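The following features are taken from TrEMBL:
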type   : residues : note
SIGNAL : 1-22     : signal peptide
REPEAT : 75-108   : repeat 'TPR'
REPEAT : 158-191  : repeat 'TPR'
REPEAT : 200-233  : repeat 'TPR'
REPEAT : 242-275  : repeat 'TPR'
DOMAIN : 626-969  : domain 'CHAT'
REGION : 714-742  : region 'Disordered'
REGION : 838-860  : region 'Disordered'
Amino acid sequence: MGRVLGWMTVVMLCCTAGAAVAEEVGDARLVEAQAAFDEAAKLKDAGSYPEALARAEHALALREAALGSTHPDFASCLHQVGDLYRRQGDLARAEPLLRRALAIREAALGENHPAVASSLNNLAILATAQGLYDRAEPLFQRALAIQEAIPDNNLLLASALNNLANLYSDKGLYDRAEPLLQRALALYEAAPGDNSHLVASALNNLAGLYLQQGLYDRAEPLYQRELTLQEESLGKNHPDVAYALNNLASLYLQQGSYGRAELLLQRALAIREAALGKNHPDLADSLNNLADLYINQGAYDRAGPLTQRALAIHEALFGEKHPGVADALRIQARLHMMQGLYGRAEPLFQRSLAISEAVFGKNHPNLELSLHDFALLRLAQHRLPEALPLFTRALAISEQRLRQETLGFSEARLALFLQQLRTTEQLLYSLVREHPRDARVRRLALGAVLLRKGRSIEETARISRSLYQRMGAEERDRLERLRGLRTQLATLWLAGPGSLTPADYQQRLDALASEGDALEADLAKRSAPLRARTRLPPPAEIVGQVAASLPRDGALVELIAYVDSPLGPQRGTPHSRRQGQLRYLALVLFPDTSTRALDLGPAAPIDLAATRLRDELARRDARFQTSAQALYRLAFRPLLPLLGNTRRLFISPDGQLGLVPFASLHDGHHFLLDSFDFTYLTSGRDLLPRLQDTPPSSSVFVLADPDFHASSRKLPVASSGNAPTLAGHSGPTGSFSSTPHADLAATPWASLPGTRQEAESIQRLLPQTQLLLGTEATKERLFHLPTPGVLHLATHGFFLEDAPVPEGYRGVVKFGALGEEARAPRPSDPLLRSGLILAGAPPRGPDDAPDAASPPPDSAPVTALELAGLNLWGTQLVVLSACDTGRGDVKLGQGVFGLRRAFVVAGAETVVMSLWKVNDETTRTLMEAYYRNLLAGLGRSTALREAMRSLRLTQAHPHYWAPFISVGSDAPLRALASPSQRTPDGTPARGR
């Protein structure tokens, strides 16, 4: 909850004006009134509201007697008294006083006077406390407009910004609230004098905004700084210190840090009871939070009296239809539910929900938690038909939040927000496990997975598309700046600290990442209007629309890794001790919208089988049959009864299943390659028709066989240990140096003659193909290509791992041979830890990093983070004919973070990639067959399947024929440019 700032305006305006009147008139009553007014202000600052009210009412009586009931200074006293009643929770007494003060001020001072803004502000605060948001917003906006028009008005303007932002935050309009709060904080910090208390309040509000979005890492330091400032400026027992303690405890409560939260909540409660009396709304908030903590810990006997007391306070102060009453009822109902007292819990949940709907409307974010808890009660009562509509509404509200609140989020921030929503999402998957035969349950869960799985890549790609398709000069400049920052970050991380201290080096990395994140968020906001017009289908429609996009002979198989938790309360088992288990769930969708579901069991044995199979397939001499059959039995054979005769599968894997080719699974007689046609998707949502803002490009570019020796400069390395072995060389004796870039530079990159032959074979099949070979296969050329229809990259890849690379393979550098303390910090962004090696000389160290505004340098390594900035909107196919290009960090529910993600974000319709180190010669053979099949009109996945079958005739081990998978569209390639369609300079015409 945000702190409103209404009192400061009253004090600043009234103290000086009242003192002047008292001095001018010479009336002893006015002098006494001014003294009482000032004393009331000091008592308020000390949190002594009853004593402050007594002095303020005395000042009011004196001024009315001396000045009459229409004087502005009398209005100031009315305002002061009304504000103190509001602070003590007596809203019924506060409102008429504040309205009367506003009317007097408007009549005496005009409608645009700062004192009028103060009255408007406090009336809006009052309306907010009553839950009347629609009444509050125009009052806040009018107050802000008045303050904006006053020059040199930083403190009062900041107060107005702060209060309007808090209203937006309460309404779930976080993208509107954040810039206002940031501006208010900056104004407070820049203002002269000691404004610690005001800065603390602004910090609290910004932290609260982040807390509501699940951005705990951002919220915690702000809350801690606020607490320090409040204690230093107000003392340790002020009500505002209790406010800071309560909010920091709320953060710890959400994180499950119950011990830390309890200490803070108990201290806040003690302060509020001493300072505010026994019937204050802030005291009720402390009681509710402490009760919630005890419920989670299973201390039900301690929670009960607290919930009853909190509810009584709210009802006494606000009546029976206030949001505070609704929240207290929900917590009390939750207590009864956890105790197994379902009959007591039900009417409380119903009443809480009815109040919230009346105050906020039926689709407000504040209802999501109530709907979720009420649905859990219905499940505990074995009333599934009544629980499902509640779950459906909760999902729709959370999806509305996701679409509305995240339009201006960077990718990193969006990922955190999605993680916050993950808990309730996973509950639906647990519901399917318990009710797999219920079609309504299956459809609800499938709707959730179609909306949420891979959502971060979807939104990031939509930002990219919107910018590239509708980009003005300013957006273009900012996008280039972002690309430059990503190159700087990649170069600095790869280069290592050099002469910098570890602390300075990390600071530079953090600064670049932070600046890039801010630019991402800015570009997201700029693209928001266009993205808002091209939104995903609503939850109620997405299953039907995806089903309609399936071919008649196909089926979608969504594999979901999720934490399965008990659906209902477990008597005697507090929430804090309930253990979940990671499991796999399969949901199948057919073109007629029918669905099937199956619990595949615990994830641990499936993940182990997947990892073993991938490791064995990566070794050409390994025996793989046992592992291939084991994974088949665990993860695929159980699906056969669900699939019936369907053999064309669009499979969206999750977890470790995203890193194995299903074609290599073996049923004891045959590989699945022989009987199933697999197309891999990030999400079944990928089947929806793709927006064709840009016609598909028809050009073909192949970058292959980079020259790693013409201009290479190797960085010095130490003289002991084992160097990474890559691409046909068992490297010289040496050691990993202390930086990733030094590892890359010290690697004896072998030429890949097979990739040159591969490129020339593609050109023979597609004569219009433009080849970038040898010294032309550079990062600079890649980043300056016109959008290709087909982009084929045949070179070395790199990905953080420790396994050696066999001779004759397109290698992957391995990092981490020394302890972590000897290396550059491992970046949190996995897109920095994977990439491609191109021709050219890398910079020597951090001092050689390019200027952020300059184009990418001609350097050897190019990270996935940088590749995500390519413009591939219009690119039909990207082929990554290199090692481990399909590998990356697995993030449950959001896919594999690495090269595959980078090219999807950049706009490629289909990406073909490898899951282990590939042999140079057999890869060339496979790729030649693949392109022949594409030219014959086969779909992009089907063409790969037939190429794999062809290679298997001469190479029986799946190590050779199974490493590549196709992710994305399976449609045949649309017409590519013929030689007659070349431009005057001989290059293929662009398909735009």
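Placement of Cβ uses the backbone N, Cα and C atoms for every residue, glycine included.
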In the repeat 'TPR' (158-191), how many residues does DSSP put in helix, strand and coil? 30 helix, 0 strand, 4 coil
Long-range neighbours of the repeat 'TPR' (75-108), counting only residues six or more past its ends (CB under 8 A): 6-7, 10, 13-14, 17-18, 33, 37, 40-41, 44, 49-50, 52-53, 56-57, 59-60, 63-64, 69, 115-116, 118-120, 122-123, 125-126, 129-130, 276-277, 279-281, 317-318
Rounded mean pLDDT within the repeat 'TPR' (200-233) lands at 91
Against which stretches of its own chain does the repeat 'TPR' (158-191) lie, if we need a Cβ under 8 Å and a gap of at least six residues from its ends? 1-6, 8-9, 117, 121, 124-125, 128, 133, 136-137, 140-141, 143-144, 146-148, 198-199, 201-203, 205-206, 208-209, 212-213, 364-366, 401, 404-408, 525, 528
The DSSP breakdown of the repeat 'TPR' (242-275) into helix, strand and coil residues is 32 helix, 0 strand, 2 coil
With DSSP, how much of the repeat 'TPR' (75-108) is helix, how much strand and how much coil, in residues? 31 helix, 0 strand, 3 coil
What counts of helix, strand and coil residues does DSSP assign across the repeat 'TPR' (200-233)? 31 helix, 0 strand, 3 coil
